[in-house]
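K.L.:
Quick one: structure below, then a few questions.
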Amino acid sequence: MDRRRFVILVADSVGCGALPDARAYGDEGSDTLGNTSRAVGGLSLPVLGRMGIGHLTPILGVPPEPSPLAFHGRMAERSQGKDTITGHWEMMGIVLSEPLALFPRGFPPEILDPFLRETGLPGVLGNVAASGTEIIRELGEEHQRTGMPIVYTSADSVFQIAAHEETVPLETLYAWCRVARRILDPYRVARVIARPFVGKPGEYVRTYHRKDFSIATPGRTVLEKLVDARVPVVGVGKIPDIFDRKGITDELHTAGNADGLAKTEALLDRVDHGLVFVNLVDFDMLYGHRNDPQGYARALEEMDRALPRILGKLRPGEVAALTADHGCDPTTPSTDHSREYVPLVVHAPGRGGGALGTRGSFADLGATVADFFGVRHETGRSFLGDLGP
């Protein structure tokens, strides 16, 4: 087998327009990329613009490029849902016909009672659906006084445990999350998330010591099939957590987008074969959920400036794809994810550019990765043959 690389950059939550069923999710009119551009008076994305991202949705400041240097399209989500797990799983061939479990009114006693019993905790604070930054602001001081963790959920399938790093050691917080993960498996909750924070009342901030504990996939992913075929898979950022480390041969923790982009660039100097699968979380975590279009715009422009250094590492015959896992429109009243198309911008050195159209599933990306490495996979439709000779 030729030694070559396929790079996936997931710009977490950078959707590009509402899906036809967005109304059913309360997301009609969402367009993370387009609405952000208009909210800030225009975006400066010269690299992505030349690659053709302006063809995907109207972006103020980024007109459609008549002769794009990359292949461009968008992907629709076939799975039911609009969360991180659902989006990433579908990319790698797992399409969910039923959404993962939600608990909009908080978690019932049959979940919390065994959690308290096994952890030895006297109780929890919160147990509501809430914005993470808001509930930490509201309950952080009481948490520090009592030692009881803050438990909350959201519009996603998540059980989140927040604790101050000076009140609860990180390893204790992670141990609590492992207990919750085991209890929640039968309930089909996608993720248990450790949400550590620091600071003092009124000035609490979450840290990059976050850790996700994901439910196991209901089938085998493209990642596992690659590893079976002895193709290395490097997960960067929260990718290993999302797939419960199955189908991952190496991993790199990151502390935000700038760190993730720099580590990806450095990684390509030492990895000469395999899949490099990267999640850039700041779009979602710092700006989408906080309804901060200015911050979102700055993060997009930061990524655009970094792309040439990453794409310049690729050799002829290799591929890099930029995409997203869902939307999180910072201009809407909601602070939750949005049901959107996601971008598909593909750089293949020496192959030019063109349109990939609207893909019927995120799984087309995984099918293309499998095709690229000569691995058999049934879900999705590969676009490798559309990338030119």
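For all residues, glycine too, the Cβ spot is worked out from N, Cα and C.
Under the heading Mn(2+) 1 binding site, Swiss-Prot lists Asp12, Asp325, His326. According to Swiss-Prot, the Mn(2+) 2 binding site annotation covers Asp284, His289, His337.
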K.L.:
Going by C-alpha distance, which of the binding-site residues Asp284, His289, His337 is nearest to Asp12 (Mn(2+) 1 binding site)?
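P.N.:
Of the binding-site residues Asp284, His289, His337, Asp284 has its Cα closest to that of Asp12 (Mn(2+) 1 binding site).
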K.L.:
At the level of the C-alpha atoms, what whole-angstrom distance separates Asp325 (Mn(2+) 1 binding site) and His337 (Mn(2+) 2 binding site)?
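P.N.:
Just about 10 Å between their Cα atoms.
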K.L.:
Do me a favour and check the Cα-Cα span between His289 (Mn(2+) 2 binding site) and His326 (Mn(2+) 1 binding site); whole Å is fine.
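P.N.:
Rounded to a whole number, the Cα-Cα distance is 12 Å.
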K.L.:
Compute the mean position of the Cβ atoms of Asp284, His289, His337, which form the recorded Mn(2+) 2 site, and then list in sequence order the other residues of that chain whose Cβ is within 8 Å of it.
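P.N.:
Here the nearby residues are Asp12, Ser13, Met285, Gly288, His326, Cys328, Thr335, Asp336.
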K.L.:
Using a 10 Å radius around its CB, how many other CB atoms surround His289 (Mn(2+) 2 binding site)?
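P.N.:
I count 20 other Cβ atoms within 10 Å of it.
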K.L.:
Same-chain residues six or more away whose CB lies under 8 A from the CB of His326 (Mn(2+) 1 binding site)?
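P.N.:
Listed in sequence order, they are Ser13, Gly15, Glu77, Lys82, Asp83, Thr84, Thr86, Gly87, His337, Ser338, Arg339, Glu340, Val342.
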K.L.:
According to DSSP, collapsed to three classes, what secondary structure does Asp284 (Mn(2+) 2 binding site) have?
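P.N.:
Once the DSSP labels are grouped into three classes, Asp284 (Mn(2+) 2 binding site) ends up as helix.
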K.L.:
Which residues does Asp284 (Mn(2+) 2 binding site) neighbour through Cβ under 8 Å, counting only same-chain ones at least six apart?
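P.N.:
Within the chain, Asp284 (Mn(2+) 2 binding site) has Cβ neighbours under 8 Å at Asp12, Ser13, Thr84, Cys328, His337.
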K.L.:
Taking the recorded Mn(2+) 1 site as Asp12, Asp325, His326, identify the other residues of that chain whose CB atom sits within 8 Å of the mean position of the site's CB atoms, giving them in sequence order.
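P.N.:
The answer, listed by sequence position, is Val10, Ser13, Val14, Gly15, Asp83, Thr84, Gly87, His88, Asp284, Ala324, Gly327, Cys328, His337, Val342.
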K.L.:
I'd like the Cβ neighbour count for Asp12 (Mn(2+) 1 binding site), meaning other Cβ atoms within 10 Å of its Cβ, all protein chains included.
P.N.:
25
